[in-house]
Amino acid sequence: MGSLRHAWFNTSFSFPSSGFSGFCASPIEESHGALISSCNSRTMTDGLVTFRDVAIDFSQEEWECLDPAQRDLYVDVMLENYSNLVSLDLESTTYETKKIFSEKDIFEINFSQWEMKEKSKTLGLEASIFRNNWKCKSIFKGLKGCQEGYFSQMIISYEEIPSYRKSKSLTPHQSIHNTEKPYVYKERVNACSHGSKLVQHKRTHTAEKHFECKECGKNYLSAYQLNVHQRFHTGEKPYECKECGKTFSWGSSLVKHERIHTGEKPYECKECGKAFSRGYHLTQHQKIHIGVKSYKCKECGKAFFWGSSLAKHEIIHTGEKPYQCKECGKAFSRGYQLTQHQKIHTGKKPYECKICGKAFCWGYQLTRHQIFHTGEKPYECKECGKAFNCGSSLIQHARIHTGEKPYECKECGKAFSRGYHLSQHQKIHTGEKPFECKECGKAFSWGSSLVKHERVHTGEKSHECKECGKNFCSGYQLTRHQVFHTGEKPYECKECGKAFNCGSSLVQHERIHTGEKPYECKECGKAFSRGYHLTQHQKIHTGEKPFKCKECGKAFSWGSSLIKHERVHTNEKTYGCKDCGKAFGSGYQLSVHQRFHTGEKLYQCKEFGKTFTHGSKLVHERTCNDKPYKYKECGEAFLWTTYSNEKIDTDETL
């Protein structure tokens, strides 16, 4: 075989052996065995292990003589030897402590590229070993070398050049100068710029995972991946944001987080010009333009743009909730939901709006809030022209037009257009109310409801209407209010043609025609078309009146009733009729009043065909035709027992 080249390594590390088969007693096998035996038998005091024992050089003619099996074995052995030597570079501190080489000399093993004609496979291995520094060879001055056969050694003298403390810093740096990726794995066309990366890449095909976590038993391809994973168990977060103090497990997470404060969005969509702070978000966004939904749910057939969305969706079918809050015991289907929930207990709000000073628990809330200041709404519905500030809102809105309701309740069979609505609905069946108000003790099923409720006590109304100056507790209330000024009503009832300013109002209205009442009181059996009405009704049984007027002390069961009552004291009437100028204290009263001008009569009695402007009048009419209280003496019927008693007292029935 060809001549051997020298490369010296000072080491006492041993390598795990692995068997090779294919042909007997080949020099290639001896090379691998020599590396193991040399490293196992020698100690620090024995001296140096030479690469002479483990490296084999072939000439062009000799290489041609090898059969395919021998060439494959050669590749496997040399890759393993190389990866073992690379592991020394990453772990050993020998080079820092022992003065083996002069600072003017570098011993470099340079394995030139070779190519197999039968298979598309290339290999290039190179490593630089010296005492303190790893130097970038691309800018060496006075490069001198010799090449004899397929592998060569270069001894280089160098001047002042950029240096790197560890090989893992130098190796990625060298790839900047040459975009060459000489390592190609035969299973698929996937090029790697470093031999060690090829070794790691091969493990993805062989499913080989040597690094096991002692905490949970999970296996990983590399020691780096294991170290990253272990931070979940230790809770280590060494990277801290100087702006808000939030800590992160990884530096990359800190870099991404800092963009929230700086507002930097380097990733721009070429289709619509929208910019993102993360490349991942741009990739997700671009799928909206393409319209490709390649991930399909086997359970319900729903398709998704991204695999992560499919994985999250499938949890709805399984009902799995592996993430549990240690504070209140509440379980979640996703880790990020648990993280969000825990902030309710801590009260931490690190994300502050620079415009109005409002603070938020999560960065995405701040991002969405900032859109209220800019008024930007780039996502427009092709069906009705309504615009939205985020793509997810447009997708959810589109379901109103299509009627799609993929989320079904297993208890009552009711379907919803959003998974969030299903989660909220399910709490009606369980009666779960984990969120309690510290002020009045009232409990809520959802954290958002508690936040809104607390504003009743604090009186906080941070959302102001620019048209009339009226303030609201939430952005949602402000959005609904603004429709009164614009008069926009894009949602129309197919049954009677009535239009509404929001889709939820249309859904609730349609129940008048269908007679559907899915919300039933467990106390008295009375059913309601809206969950909100059931909640209000239940207070009749409990007698609960937590909302008290500061002016006169009158108590109410519901916050909305208190707000309406307070207008009696202030005489506030902000809703004016454009037809006659009459003002009203609430938007509902204005809507009812306007029917006198339009002559609109939406409510029809099925018994006699008579129509009414208000539902309450229809109910009254039905009651008039049903007189359950009869006077035994003459048989006259009455609506209420008080009337029959009065007639008895005055002897009118005698």
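Cβ atoms are placed via backbone N, Cα and C, with glycine included.
Some features that Swiss-Prot has for this protein:
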- Lys256: SUMO2 cross-link (CROSSLNK)
- Lys452: SUMO2 cross-link (CROSSLNK)
- Lys564: SUMO2 cross-link (CROSSLNK)
- 49-122: domain 'KRAB' (DOMAIN)
- 183-205: zinc finger (ZN_FING)
- 211-233: zinc finger (ZN_FING)
- 267-289: zinc finger (ZN_FING)
- 295-317: zinc finger (ZN_FING)
- 323-345: zinc finger (ZN_FING)
- 379-401: zinc finger (ZN_FING)
- 407-429: zinc finger (ZN_FING)
- 463-485: zinc finger (ZN_FING)
- 491-513: zinc finger (ZN_FING)
- 519-541: zinc finger (ZN_FING)
- 547-569: zinc finger (ZN_FING)
- 575-597: zinc finger (ZN_FING)
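Under DSSP, Lys452 (SUMO2 cross-link) is assigned to a helix (H, G or I) in the three-state scheme. Counting only the Cα atoms, the space from Lys256 (SUMO2 cross-link) to Lys564 (SUMO2 cross-link) is about 46 angstrom.
Within the chain carrying the zinc finger (295-317), a Cβ under 8 angstroms from the stretch's Cβ atoms is held by residues 284, 287-288, 333-334, 406-407, 419, 422, all 6 or more beyond its ends. According to DSSP, Lys256 (SUMO2 cross-link) sits within a helical segment. Listed as Cβ neighbours of the zinc finger (379-401) (distance under 8 Å, sequence separation of 6 or more from its ends, same chain) are residues 285, 288, 368, 371, 417-418, 490-491, 503, 506.
The CA atom of Lys564 (SUMO2 cross-link) is located 17 Å away from the CA atom of Lys452 (SUMO2 cross-link). Beyond its flanks by at least six residues, the zinc finger (463-485) meets 369, 372, 452, 455-456, 501-502, 574-575, 587, 590 of its own chain at Cβ-Cβ distances under 8 Å. Note on the zinc finger (547-569): mean pLDDT across this stretch is 83. Lys256 (SUMO2 cross-link) has a Cβ environment of 17 other Cβ atoms inside 10 Å.
Counting Cβ atoms from all protein chains shown, Lys452 (SUMO2 cross-link) has 16 others lying within 10 Å of its own Cβ.
For the recorded site, Lys564 (SUMO2 cross-link), the DSSP three-state label reads helix. Remote same-chain partners of the zinc finger (547-569), defined as residues 6 or more beyond its termini with a Cβ less than 8 Å from a stretch Cβ, comprise 453, 456, 536, 539-540, 585-586.
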